[in-house]
Structure formats: structure tokens, C-alpha cells
Amino acid sequence: MNPNQKIITIGSICMVIGIVSLMLQIGNIISIWVSHSIQTGNQHQAEPISNTNFLTEKAVASVTLAGNSSLCPISGWAVHSKDNSIRIGSKGDVFVIREPFISCSHLECRTFFLTQGALLNDKHSNGTVKDRSPHRTLMSCPVGEAPSPYNSRFESVAWSASACHDGTSWLTIGISGPDNGAVAVLKYNGIITDTIKSWRNNILRTQESECACVNGSCFTVMTDGPSNGQASYKIFKMEKGKVVKSVELDAPNYHYEECSCYPDAGEITCVCRDNWHGSNRPWVSFNQNLEYQIGYICSGVFGDNPRPNDGTGSCGPVSPNGAYGVKGFSFKYGNGVWIGRTKSTNSRSGFEMIWDPNGWTGTDSSFSVKQDIVAITDWSGYSGSFVQHPELTGLDCIRPCFWVELIRGRPKERTIWTSGSSISFCGVNSDTVGWSWPDGAELPFTIDK
């Protein structure tokens, strides 16, 4: 091979190597560009987020909360939650609230509450002793947490409310508007599905605790009319947020307000407040067709406040100290009854649970169990029932639970505001203890001085 041929051969080989190297570099650049494009696309893919925990939402299988089981047998009450919202609110951003209540789905329990459109220790908390204003809204947060703008979910505009879960979605009922023409707005999964207009034009109001769901239908009780005389009371049956049936109670000489309702063996029992003339609590029980029975808890262990000292009860309204009242609850077990009540007979202070083994039908004042919840030297307030379904607990029965509102501020304390925290307990058939779980906040706040 002469020198010219060698030069041509070496040059050709170098050119081939250069071309191959160039092609490999181009391929590498294309590969990097494609990989980068895929990663960038994934980073910018829109994902829905929750407004409470900022985690990507995952599809959750729905169930039907049957409500066909009986209440679990219990021997006492185990502490379930305490939010300490007034103590935390002296320094943190916590809503001014009242009328808190708890309701559970098959996945979680949430605290619902009526805000005043204001925060504790802020100028807008002034005058929040008022029950009904256009600023009041129903909101919710995880149970046991202090309700704040950072963990709470808006539910409805309301100065009276109820909420419950049927196994698929949350139903909320929010009443707002003028006293002589308020409207209840029903929402299902956050979407308005129906409305109920005041039919007596006299402060339409509802439970201030959870509604009750059985086999996909949910039930609530509403009142319209005088708070100190005969009013009108209706039971509503709702499916997916729409009213499918309602019945007005034929209940002369009865007074029902702020009912605490729960399912038991496929039927609903509600224990309510008589603000007219009863120191004992009226009840209404009904089936899924709204066929109902009415009565008063007969026990001589009286459950309302104010009330007389325990004595001889009645299966009708007990008149002494019967005017006014406070929201409360009881759980029926055959002829027996667990009664929740304030310790004081004339002020909203203290709280206790009493087991009267024949108090649903018997009029004596004997009882066999008393469990302390709040000392008589500490403020309490409203109380109400809620339940945990077997789909949540894994039990073969419906667990009874209750919450107690711990009101602070006006009218009993020297502040410019009225608000409250809450505690809750659930029934168990094991060891429990009586104690005092008070609100515990030191008042007044800076804004009050």
C-alpha cells in the first residue's frame, strides 16, 4: 500500500469514527431531552388537594351506614377528645364559636361548630353572645383539634345546623335568614340539593347536633314556633340531600327543641329540650316510614336545666322549674336510660352521667351509676349525642357517644365575647374513671382589659 493509499484509509477510518461519535452524541442529547420533558410534564400535572391536609386526594370506596345494629352494651364512658380551643385561642388564631357537635363517617369523626365570623382575642369577637346573625357559619375540623382558619372547612351559612354522613357523603343542614322567614339549606357533598322554608315564620331551628342515618336515608327534627309555648315540630327524611318525606308531630302540650338523635336497631330515637314547661326531657322515636311515638323520660332523675331536685318523675312534663332549658341527650336501653345532665340545678355548670336502670318508664329517682365529667365549679353548656357505626369501629353494634360544650365568656364572665371548647366521651364495657375535664382557660384575655 503506497503512502497516498495509507493516508486515504486512515482518513476514512477517522471520518467514520467521527460520524459514529457524532450520532451517539446526538442520540444522547435526544434521550436527555425526552427524559427531561417527561419529568417536567409530571411535575406540572394538576392534582386535586384537600383544603385541610394538603395531601393528594385518593378515591375512597363508599359504604351504606346501615344503622340496623343495636346500641353497644356499656358500663361507663371513656374520654374521646378535648380540643382546649379557648386556652389555645388566647395566643393562636381560633374561631369564636358556639353549638359545637360531633359526627362520624365510616372513616373519621369531625367536630362541627357555628362560628361568629371572628377570632378569639380580636375586636370582632365583641358582642358574640348573640345567637343569630348573618355572620354565623357552619364549619368543621378534625375531632379534638382547636377550630382555626387553618384546619377548618366551610360547610354552610347558618345560625342553626345539623350534619351527618350516610356512608357516601356528608349531608349538612344550615338555617339562616330573618326570624320571620328563615330557610334551611341542604347540601350533599358540598352541593346545594334542597331547601326548607320556615312554615310558621317564627325562628325555624334544628338540632345543633348530628342527624341520624339508616340504610342510606338521613333524618332530622326541626321546630318552628314559640320557645315558651306550643310550637310546630316536623321530622324530615332525606336521601342524597333531598327531602323525600316529612311528618308534622301531633304533640299538644309537648315542646321539642334541639333534639339529640341516634339510630338503634333500624329506628331513630331523639331526646330533646322542653323550653316551655318541662324539667324532664321529651322524646320522639320513629321508624324509616316516619311512624312515630312520643313521650317524656319518666325518671325522677331530671335531665334539664334549670330543674328541681330529684324526686318523683312523670311520663309527661314535670312543671317545677320547667321553663327555659338547655340542649341535652339521653340513651335508652330497654326500660333503662343513661342520662347526661349538668351538676347544678340552676346554672350551666358541671356535668355527670347517670345510669337509671328503669328510668325510661319508672318515675322513682334511684340510680345505680354516676360518673363525673365536669366539676360543679366549672362551666359546661349544651351537650348532645353522636354514634360510631360498626363500619368505623369494627364492632357488631353501634357505639353511643356524647359531647359537652364548655361555654366561656359572656354572660357569666367579664369578657366582650362568648365562645366555648368541647370534650367528648364514648361508651365502653370496660374500665372507666370519673374526673373533671374543664375548659381551663384563664380569663380575661388582652382584648377584654
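Every residue, even glycine, has its Cβ placed from backbone N, Cα and C.
Cross-referencing CYS164, CYS213 with Swiss-Prot gives CYS164 as the cysteine bonded to CYS211, criterion being a recorded disulfide. Site annotation (Swiss-Prot, ligand Ca(2+)) includes ASP274, GLY278; from ASP224, ASP304, ASP310, the additional listed residue is ASP304.
Between CYS259 and the candidates CYS272, CYS298, Swiss-Prot annotates a single disulfide bond, the one to CYS272.
Cα spacing between ARG98 (substrate binding site) and TYR382 (active site, nucleophile): 9 Å, rounded to the nearest whole number. Figure note: comparing Cβ neighbours within 10 Å for the disulfide-bonded residues CYS272, CYS426, the maximum is reached by CYS272. Nearest in space to CYS259 (disulfide bond), taking C-alpha to C-alpha distance over the recorded positions ASP131, ARG132, ARG273, ARG348, TYR382, is ARG273.
The Cβ of GLU257 (substrate binding site) lies under 8 Å from the Cβ of ARG205, THR223, SER227, ALA231, CYS272, ARG273, ASP274, ASN275, GLY325, LYS327, each of which sits 6+ residues away along the same chain. The shortest Cα-Cα distance between CYS270 (disulfide bond) and any of the recorded positions ASP131, ARG132, TYR382 is the one to TYR382.
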